[in-house]
Amino acid sequence: MSCLLTCFSSCCASLTCGLCTSLVSGISKRSARLAYCGLFGASLILSWVLREVAAPLLEKIPWIKSSGTHPKEWYQIQAVLRVSMGNFLFFAIFSLIMIGVKDQNDKRDSWHHGGWIAKMVIWLLLVVLMFFLPDAVISVYEILSKFGAGLFLLVQVVILLDFTHTWNDAWVEKDEQKWYIALLAVSIGCYLAAFTFSGILFMWFNPSGHDCGLNVFFIVMTMILAFAFAVIALHPAVNGSLLPASVISIYCAYVCFTGLSSEPHGYACNGLHNKSKAVSTSTLVLGMLTTVLSVLYSAVRAGSSTTFLSPPSSPKASAGKKPLLEAEEMEEGKEKKKEAEGQPVGYSYTFFHLIFALASMYSAMLLSGWTDTSESSSLIDVGWTSVWVRICTEWITGLLYAWTLLAPLFFPDREFF
């Protein structure tokens with residue numbers, strides 16, 4: 001029987017190794033960015049799983065509980081932070097290694113695109129090693145993560161602004177009536193959705209019989225921002241467009257909702273408090289989805305969306321924006337020929353890995369409720385810290401968008417978006 005089990009284990013191990021080898025061998029230069037996204041996604045799943053099951057195990061590790069007795073929520077946060085720190089170090093190290101890579105003849109270019117078995121082993125070792133660190137080290141990372149997560153939110157906003165402007169420019173460049181009608185229809189639809197959703201927020205977060213002035217202020221500010229975006233964008237001196245304004249408006253309404261739904265369980269003005277667990281889970285899923293999409297978009301667009309993200313020798317740095325598919329088709333055609341000596345890289349590897357490093361910090365804050373242990377462990381991303389982080393993100397988004405519209409008036413000689 002033992003021989004049979006040993007044989008079965010050997011077969012499983014060989015099949016697993018064979019599957020990993022074939023999977024890794026299929027990763028090409030074009031799919032390397034998606035492979036990094038897959039690795040980041042694996043870290044999110046691992047953090048989520050360990051958050052739910054690892055607390056009893058961590059309570060038995062002496063160097064983790066050395067600072068005294070802690071509640072279950074503290075150990076859950078420890079599990080999330082340790083996985084996040086391992087993931088952060090992996091991408092941060094690569095970000096530092098890739099500084100100054102300008103052409104594909106650089107040996108580090110092959111490090112970025114290849115060696116996936118070694119990368120997976122290094123990533124796994126870093127994550128495991130984090131569980132051998134004392135909690136004092138993790139406490140320092142916890143503080144740094146809050147700043148890193150805030151920086152990622154700012155990057156996320158810049159990516160959203162870039163996306164809306166790129167979308168608008170792509171449809172305007174077609175210069176056909178049907179596309180102008182589509183622009184108008186989508187813009188009106190987004191604005192109707194934004195104001196309708198804001199009205200629903202009044203019903204959910206301003207229940208009768210309670211003084212909910214703070215919630216009313218948040219919602220009214222969201223509606224004022226949406227109206228201000230349209231007024232500024234349509235002003236003759238600005239020469240803006242309604243589509244970006246409408247998309248930013250509905251995004252601000254969504255961020256306002258996530259902020260209000262993160263209010264503590266016992267807060268009377270949170271009309272959804274009876275369904276806190278369901279709302280918290282849906283908020284987490286939406287937050288994670290937004291994070292993954294932001295990382296995916298930045299990974300695919302890294303270095304090609306805006307010129308300041310590209311290395312100095314990149315063609316994109318001097319030629320401005322270029323469609324991603326066109327760039328990839330040109331790259332694929334060049335791969336069939338003999339590579340020219342000193343061919344520049346297509347995007348900034350350092351910025352690419354930096355995005356993932358910051359996203360690791362943000363995902364840790366999302367899963368741990370910004371390390372707030374005052375709420376139940378069954379609730380995720382709930383607490384006043386989460387509320388203010390999201391509301392401030394909404395306001396910063398509005399300010400940045402308004403700046404992209406007004407900046408050309410103050411600095412006519414410079415190019416913005």
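Any Cβ shown, glycine's included, is placed from N, Cα and C.
TrEMBL entries are annotated by machine, without manual review.
Keep in mind the model is a prediction, meaning the values are calculated, not measured.
What TrEMBL says about this one:
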type: SIGNAL; residues: 1-18; note: signal peptide
type: TRANSMEM; residues: 34-58; note: transmembrane segment
type: TRANSMEM; residues: 79-101; note: transmembrane segment
type: TRANSMEM; residues: 121-141; note: transmembrane segment
type: TRANSMEM; residues: 148-167; note: transmembrane segment
type: TRANSMEM; residues: 179-205; note: transmembrane segment
type: TRANSMEM; residues: 212-235; note: transmembrane segment
type: TRANSMEM; residues: 241-260; note: transmembrane segment
type: TRANSMEM; residues: 281-300; note: transmembrane segment
type: REGION; residues: 305-339; note: region 'Disordered'
type: TRANSMEM; residues: 347-367; note: transmembrane segment
type: TRANSMEM; residues: 387-411; note: transmembrane segment
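Counting Cβ pairs under 8 Å to the transmembrane segment (241-260), the top-ranked stretch among 79-101, 121-141, 212-235, 347-367, 387-411 is 212-235. Within the same chain, residues 39, 43, 46, 58, 61, 63-67, 78, 81-90 sit at least 6 positions outside the transmembrane segment (121-141) and bring their C-beta atoms closer than 8 Å to a C-beta of that stretch. Here the transmembrane segment (212-235) has Cβ contacts under 8 Å with residues 191, 194-195, 198, 201-202, 205-206, 241-242, 244-246, 248-249, 252-253, 256, 259-260, 268-269, 391, 394-395, 398, 401-402, 405-406 of the same chain, all six or more residues outside its ends.
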